[in-house]
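Participant: Summarising the annotation, Swiss-Prot assigns topological domain 'Extracellular' to 42-103, 123-132, 203-211, 232-243. The intramembrane segment feature in Swiss-Prot is assigned to 104-116, 117-122, 212-224, 225-231. For 117-122, the entry in Swiss-Prot reads region 'Selectivity filter 1', with the evidence type similarity to another entry. The annotation region 'Selectivity filter 2' is assigned in Swiss-Prot to 225-230. Summarising the annotation, Swiss-Prot assigns region 'Important for intracellular retention in recycling endosomes' to 293-299 and lists similarity to another entry as the type of evidence. What Swiss-Prot records for S326 is phosphoserine.
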Amino acid sequence: MLQSLAGSSCVRLVERHRSAWCFGFLVLGYLLYLVFGAVVFSSVELPYEDLLRQELRKLKRRFLEEHECLSEPQLEQFLGRVLEASNYGVSVLSNASGNWNWDFTSALFFASTVLSTTGYGHTVPLSDGGKAFCIIYSVIGIPFTLLFLTAVVQRVTVHVTRRPVLYFHIRWGFSKQVVAIVHAVLLGFVTVSCFFFIPAAVFSVLEDDWNFLESFYFCFISLSTIGLGDYVPGEGYNQKFRELYKIGITCYLLLGLIAMLVVLETFCELHELKKFRKMFYVKKDKDEDLVHIMEHDQLSFSSVTEQVAGLKEEQKQSEPFVASQSPPYEDGSADH
């Protein structure tokens, strides 16, 4: 009897604090994933770093042996200055003198990476005035970019995701959840093909020292806004039509980022993923927890825009992936 009471009380305790338990496991899982990544990266990259260090020491020792008139401190000072300039995107190589980092097209590419928070790091402001302007420009430009992307993604999502799903649901009678899942998978496949595989093949042809894997790596690092900066297109010494190439890359990165956000928004609106996310949200038991700062208690690109714009008609279609009463149509088909 006591055991059954204790068991039932434990079950009630777990159910009462289920959200807290799920959140705790989420934090633990994230920390373990961080540790897992660190272990894998360290085990894979550390041997290559050690080999590179040994190779550089051998080259340096051989160079000093062949040039006895040059002392090691002088060489260290020269190499330090070269590496410092390289961090600012300035190369000492003679065949790299023709590439300017701050002409208009390069500055346009830099501005796009700053506003999208990609930040490759291959080119950075040299002067104090440039650094100060970069701070002010980013403080204003990054929220402006978020507003711009929010508006674009909301409009694109209506035409690319919501209306097609609603059309197949009403016109053909398919389950809205099934249509939404199939549509999300197809949209993801098309996006990966158009903004990853095809551009990677193009970059592997245009960039002399890039293979397909390195090109695909650049596309992923860029469109996910990681922006490590180890691969930056258009920096080759014999790059033809460099200005036009830089403008094309800027357009590709902007369109690719919009496409990625549309796909992300499409998957986030799936009913199954919404239920999964709610497992980790705090349970609103108190009255003060029910007070919404915003009109909708959710954060998504489309919902934010709907709150700002107040588009009630679009708001009716903002939940196309859950079962709801279909709007009446005389012909049994959508009028759009």
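Residue 1 is the first one shown; counting continues down the chain.
Cβ atoms are placed via backbone N, Cα and C, with glycine included.
I'd like these features described in context: how deep, what's nearby, how far apart.
Facilitator: Outside the intramembrane segment (104-116), and at least 6 residues removed from its termini, the chain residues within Cβ reach (under 8 Å) are 123, 134, 137-138, 141-142, 144-145, 225, 227, 234, 242-244, 246-247, 249-250, 253-254, 257.
Tertiary proximity for the intramembrane segment (117-122) is limited to same-chain residues at least six positions away from its ends with a CB under 8 Å from its CB atoms, namely 89, 142, 222, 225-229, 232, 235, 253.
In terms of DSSP helix, strand and coil, the topological domain 'Extracellular' (123-132) has 5 helix, 0 strand, 5 coil.
Taking Cβ pairs closer than 8 Å, the topological domain 'Extracellular' (203-211) reaches residues 218-219, 231, 233, 236, 238, 245 in its own chain, all 6 or more past its ends.
Within its own chain, the intramembrane segment (212-224) has Cβ neighbours under 8 Å at 118, 195-197, 199-204, 231-233, 253, 256-257, 259-260, counting only residues six or more beyond its boundaries.
Within its own chain, the intramembrane segment (225-231) is flanked in space by residues 113, 116-122, 210, 214, 217-218, 257, which lie at least six positions past its ends and keep a Cβ under 8 Å from the stretch.
When DSSP labels each residue, the topological domain 'Extracellular' (232-243) comes out as 2 helix, 0 strand, 10 coil, counted as helix, strand and coil in that order.
Along the region 'Important for intracellular retention in recycling endosomes' (293-299), the predicted structure has mean pLDDT 49.
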Participant: Could you tell me what the rest of the chain brings near the topological domain 'Extracellular' (123-132), counting residues at least six beyond its ends with Cβ under 8 Å?
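Facilitator: Tertiary neighbours of the topological domain 'Extracellular' (123-132) are 87-89, 101-102, 106, 110.
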